[in-house]
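Chemist: Could you have a look at this structure, given as structure tokens, before my questions?
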Amino acid sequence: MPFSNSSELSPSFILASLPGLEAAQSWMAIPLCSAYVLAVLANGAVLLVVRAEPSLHAPMYFFLCMLAAIDLAMATATVPRILCFYWFGSREISFAACLLQMFLIHALSAVESTVLLAMAVDRYVAICHPLRHAAVLTNGATAKIGLLAVARGVLFFLPLPLLLLPLPFCGSRVLSHSFCLHQDVMNLACANTMPSVVYGLTAILLVMGLDAVLICLSYLLILKAVLRLAAWRERLKVFSTCIAHICVVLAFYVPLIGLSVVHRFGKDLAPLVHIIMGNIYILVPAVLNPIIYGVRTKQIQRRILSLI
């Protein structure tokens, strides 16, 4: 969609609509809204339960609270704006709002990746060095890890909107998703975007890429320690404490990798694929994480049932 040259000084973008389904978007928004409400209720319940239950005041559950807060922030930064578009036809998003949303999405993803790495280290210490677990992962250390995760996300991904800020946007302003992503906005610039490309790729590799490698390394060490146990029942019992975290890691990294593959190699795919992958990336971790830990953690189950 071409824009006049006067809009280059204060550009705005057009959110992607469901191709061929524009007339039914208000109905299509109902499942999206339901998933958002479920994510808010489930993650809010986790935060309330951990706060109200003294027996859950431990590093593992504090990390779970961090995940819940991140998922709430991620969903709230994107889904209400998408629903405004689907229900009220508000497709246009200002340049400043787009950059802010883009920064929040990437920074929160980096924070979540760091917390998942910290949870993997927590499982490694608990299984491989159980006598040192209480001394290494104290509540104070957990709080410092949370602050470090936030600082890491902000410092690595704040330059992304700053690199896009001076670029001109003189052609099409239609995005590939119903929200703003760095790769999507960057591709619409009519100037040299190589610095933004290089920095964006470097930040992804140094944060999410490095975290994924370290998480895999942690589980290799855990698996090595588990296999040393003589009885199969002991092996299964010990490794079962990692099942919930493994599921949460997959719920985060699989949509992330899928969205990256679609952006890199899916230029010929239907626009609907981009929109669906984007919505999965935003909502799947927020919905699944509290459900996974709610199913796997008996203390959380009992407390939620008592609240109900």
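One-based numbering along the chain as shown.
Cβ atoms here come from the backbone N, Cα and C positions, even for glycine.
Per TrEMBL, the features are:
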| type | residues | note |
| --- | --- | --- |
| TRANSMEM | 27-49 | transmembrane segment |
| DOMAIN | 42-293 | domain 'G-protein coupled receptors family 1 profile' |
| TRANSMEM | 61-88 | transmembrane segment |
| TRANSMEM | 94-121 | transmembrane segment |
| TRANSMEM | 142-165 | transmembrane segment |
| TRANSMEM | 197-222 | transmembrane segment |
| TRANSMEM | 243-266 | transmembrane segment |
| TRANSMEM | 272-295 | transmembrane segment |
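Help me understand the surroundings of these features in the structure.
Modeler: Remote same-chain partners of the transmembrane segment (61-88), defined as residues 6 or more beyond its termini with a Cβ less than 8 Å from a stretch Cβ, comprise 15, 17, 25-26, 28-29, 32-33, 36, 39-40, 43-44, 46-47, 50-51, 101, 104-105, 108-109, 111-112, 115-116, 118-119, 122, 139, 142-143, 145-146, 149, 178-179, 248, 279, 282-283, 285-286, 289-290, 293.
Beyond the ends of the transmembrane segment (142-165), by six or more residues, the same chain brings 59, 62-63, 66, 99-100, 102-103, 106-111, 114-115, 118, 182, 185-186, 189, 195-196, 199-200, 203, 206-207 to within a C-beta distance below 8 angstroms of the stretch.
Tertiary neighbourhood of the transmembrane segment (197-222): same-chain residues 106, 109-110, 113-114, 116-117, 120-121, 123-124, 127-128, 152-153, 156-157, 159-160, 163, 182-183, 186, 239, 242, 246, 249, 253, 256, 260, selected by CB-CB distance under 8 Å and a gap of 6+ residues from either end.
Beyond the ends of the transmembrane segment (272-295), by six or more residues, the same chain brings 16, 18-20, 32, 35-36, 38-39, 42-43, 45-46, 64, 67-68, 71-72, 74-75, 78-79, 82, 105, 112, 176-179, 181, 244, 247-248, 251-252, 255-256, 258-259, 262-263, 266, 301, 304 to within a C-beta distance below 8 angstroms of the stretch.
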Chemist: Restricting to the domain 'G-protein coupled receptors family 1 profile' (42-293), what is the model's mean pLDDT?
Modeler: 90
